[in-house]
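See structure below.
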């Protein structure tokens, strides 16, 4: 078995028995700020666990020849769920900062003059493992392509004197567009290109990569928030609700609210047709079901069901399932829940001697998908965050020490994380990834 090597693209083959799941949960997708598909958790007893090579934080680039770098979250999950006796995975594992090879880097100043009727033709992209804006490609016949000095994988540091080293694709593109007659670039060029970082192959035609001439943004499912509703049900006194539930504090997938996994069509909820699989139960007859364990929730539902008229406060979920099988929520499902459903945890990390906490972030008020929270994109092996084990890929960062990260730009969040010393206390919301 060939190993998975830090800082490189690796391809491995994992054998699966008939009916055996991969046994992982994943977060991310091209319709989220994470852009790539990342393993959040490896479950004991699955094919991946038996193989022993993949770990949380590994990015999945390809499955049996299918490119996942341009797949939405649900497309990636559907591809991973397909059964193959041998699952061929191409993955990328980030390397800790202090063990990265030193590369030569040169800084160049390049000025391009605009010509009426001719496009600048620079396609920009973010990278998988950190901040910054890079040149993905130059459109053939465009000003930049004909000039020939800008190259693929160049990192754009400044545009017309404005620092974009921690900026977004959109910020860089708008600076290029708003410049009247000439655009002055300061770029950094590495002596050796880092292939896994640049979004590959299909990215050339992706609507998620920003053109310097085209600022259309895709609508991310993360911009949609589920609404609350009140439901009243009249029933016979001895009747139960006739629903199955999952979730609760310390449930097998972590701390979540309680949600409906199945409905008996002949029960009082099934007959009234006012609830569906996937709806979250907030309270029953004024008794809150938030911050309770699964067993405590079941007990409260039973106790409060011994009346003729029930009043339920629920979150009307956007995700459900048809058929007899139990509903299983995806990572996107949890991200669309309103703030009342969030369970916040506190994590304190100590900086390593090299200064790295061991995780990278994406998202922010200037995110290409809209004003979104700051997400943990990757947790690097053998760093303070990885050794602590509580911070996971896909977690939402709310605060760093006394600094709130609410409605903050990506650049500002990076600056805060760079300048906090010693013990760093984070508050996070950690939703379970989608199981495959």
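Cβ atoms here come from the backbone N, Cα and C positions, even for glycine.
So that you can see what the record holds, here are the features copied from TrEMBL:
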- 11-95: domain 'PDZ' (DOMAIN)
- 109-191: domain 'PDZ' (DOMAIN)
- 230-316: domain 'PDZ' (DOMAIN)
- 346-432: domain 'PDZ' (DOMAIN)
**OP:** Flag the pair the domain 'PDZ' (109-191) / the domain 'PDZ' (11-95) as in contact if three or more Cβ pairs fall under 8 Å (sequence separation 6 or more).
**Re:** yes
**OP:** Kindly report the helix/strand/coil residue split of the domain 'PDZ' (109-191) according to DSSP, in that order.
**Re:** 15 helix, 36 strand, 32 coil
Original post:
Where DSSP helix means H, G or I and strand means E or B, what are the helix, strand and coil counts for the domain 'PDZ' (230-316)?
Top reply: 16 helix, 40 strand, 31 coil
**OP:** Please work out the mean pLDDT for the residues of the domain 'PDZ' (230-316).
**Re:** 93
